[in-house]
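These notes concern the structure reproduced below.
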């Protein structure tokens, strides 16, 4: 049974004292003027998605009198067809919904490891972690898909249309065909090892010479159309029970080179689950997101709160000092994320402690506007070098708002580009299990010098010490049977001081997702930017000691100043960036897709 969580949106209206000098870095919290808000002025609603054909599928549901939930599920299904490299029914996701009264509910459709999986799943014969691509391109990486169970639960609670209705746009696209766009073409070219790993994918998207079919080629996927028709007619159980489930389990097991294979019982027993939303305050706004196993909300709230004492509005997006402060806040937030976030069904995640304003304010005092921190505890491994991961991760974010004021922020994923590369029923299967830590324990070579501090398992929720010991201990996000891997997905809702929904936002792009989401929120709240300009802001990603900055942006010219501030390892690097958002303005709802992608927002 799914629960509703009523989140209080009342916030204090008294604002802290503003410091006027633009060159001053205040030591107290500052507030900025609220972006103007007004009631919406549209007939049906708004949908923002990474592909215009998927956005149209959502708008079609709103025209039929459907809810934001109906629209969001139609978008997810359409993306299964037209954005096969990124998301769909072969993966999972997180669904965040609010009604007009501010009551928030969520569905966790994250994939699960098979029950036979063990912590050494990704350890090779020599006792070391196996090559990442070897892990991805096999059944070892495939978790039980959760998207359809998520859709089923969300529609039962928040939908207005019939189950079969939301499938019709996706069925038409699969049956009648869809064009290969530049983004899909580039994914097919750059990620051929997964895109063409199955005979089905090779036949659908590549020519006889093994090259991607040309731009504009109309691809028909009758196998996927049949799959969607069966699910539309018979419900999610068509995939999760009976002969279909048995065949799916065998497909995955046959692709798994070692023990820990998927079974039909793993698929039949899968259920999506509700989670309490995670909320925090930033200035006078309420920020709400998905709870663990998502690390999105805790990381976004941490980054924002650690920056709250600085006058970001005075600094602005063209200031190297702002980007330095943002990098330092990322280092702190990602250090905590790496140590403390995992599946809450297996690990006592200290959510209250990680989002406690006093704790985050204390963490924020470690940030200096004039220099970098020498070391951040607990640490995060450096981001992988170029070539270790695909240019674009297989994830997609979309938002929908209906005429009644319900809103959905939903992130769907198959993990890497084309997931594991394995296909079933015309769709790609995820590689979500590589979101688990490859090694089951850490600091175990340091036993002699390790401290005696309690492990995170022993720290009560509600109290979190800033200093973390270096004793040998199991990794929270290690592989375990039936466990959901930690996720970076960060579907987010932002509420105005009066409690009204202001913004629905999220992103795709692996570990950069919380950073992209936070950057967009700062762009709107602190820099007073329209939503399209907020999404267009450049991205600086610094989860550890390396600072990766987006090429061909204003950040490149700031490298010398960032280095002067102490960021010695600054690299210009293509990042997997793709955000979507909707924002309430004085004129009503506006929306945008990331200018780096083919995304759009449609208001009707």
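From the backbone N, Cα and C atoms, a Cβ is placed for every residue, glycine too.
For the L-glutamate site, TrEMBL lists 435, 487, 488, 510; matching the candidates 110, 121, 133 against that entry yields 110. Close to residue 487 (L-glutamate binding site) in the fold, though at least 6 residues off in sequence, lie 94, 110, 293, 294, 295, 296, 413, 435, each with a CB less than 8 Å from its CB. Across the fold, the C-alpha of residue 510 (L-glutamate binding site) and the C-alpha of residue 395 (active site, nucleophile) stand 8 Å from each other. The Cβ centroid of 110, 435, 487, 488, 510 marks the L-glutamate site; residues of that chain outside this set whose Cβ lies within 8 Å of it are 293, 294, 295, 395, 413, 415, 432, 485, 486, 489, 513, given in sequence order. In sequence order, 294, 295, 296, 299, 510, 511, 512, 513, 514 are the residues near residue 488 (L-glutamate binding site), counting only same-chain partners six or more apart with C-beta under 8 A. Of all residue pairs in 110, 435, 487, 488, 510, the annotated binders of L-glutamate, the farthest apart have Cα atoms separated by 14 Å.
The number of other CB atoms found within 10 A of the CB of residue 110 (L-glutamate binding site), across every protein chain shown, is 30. Listed in sequence order, 86, 87, 411, 412, 413, 414, 415, 489, 508, 509, 510, 513, 578 are the same-chain residues six or more apart from residue 395 (active site, nucleophile) with CB atoms under 8 A from its CB.
Cβ neighbour count for residue 435 (L-glutamate binding site) (all protein chains, 10 Å cutoff from its Cβ): 23.
Other Cβ atoms within 10 Å of the Cβ of residue 510 (L-glutamate binding site) number 23 in total over all chains.
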